[in-house]
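Input: a single structure, listed below in structure tokens.
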């Protein structure tokens, strides 16, 4: 029996192989080798924006693999997290899939996460942790609109609402002074001869 071993198989190794016996006439056996490149795929976008304190789940699955990978390692900024002692960060595996779960996101969880299965190309995702819940407009120096009641008729802008309140106080004060002047001013006397 003769065996052909191919170590560190590459895509270029794919094709037809012939085993020929030196008989008369020669006898040949043909074998077709199909080489697939397994790759990791992250579900969802390549960049994730999440608020601090939220629940984060990153999912990775391996496609084009003939058998489940021996392992799937997760890295956070080039540091493996599979066997870390972080209670808030857990890794779960199931055949061709793996999930990284962060129960409560902190600012330290921001960065690049890489899913690297055995004998497969890795996949990456970048996580941005948002610590300020204000809209983006306020973060750029503009005042965002606040929620306003339609029945009150007040503007949604806080500074404008304060200005309207100030004008109402001034107007009311002026009205009170005007009424007081009218009520307490003595009527002119008319003399009759």
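These residue numbers are counts, starting from 1, taken along the chain as shown.
Just so it is clear, glycine is given a Cβ too, placed from its N, Cα and C backbone atoms.
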Of the residue ranges 141-162, 163-184, the one that TrEMBL records as transmembrane segment: 163-184
Within the domain 'Ig-like' (25-126), residues counted as helix, strand or coil by DSSP: 3 helix, 55 strand, 44 coil
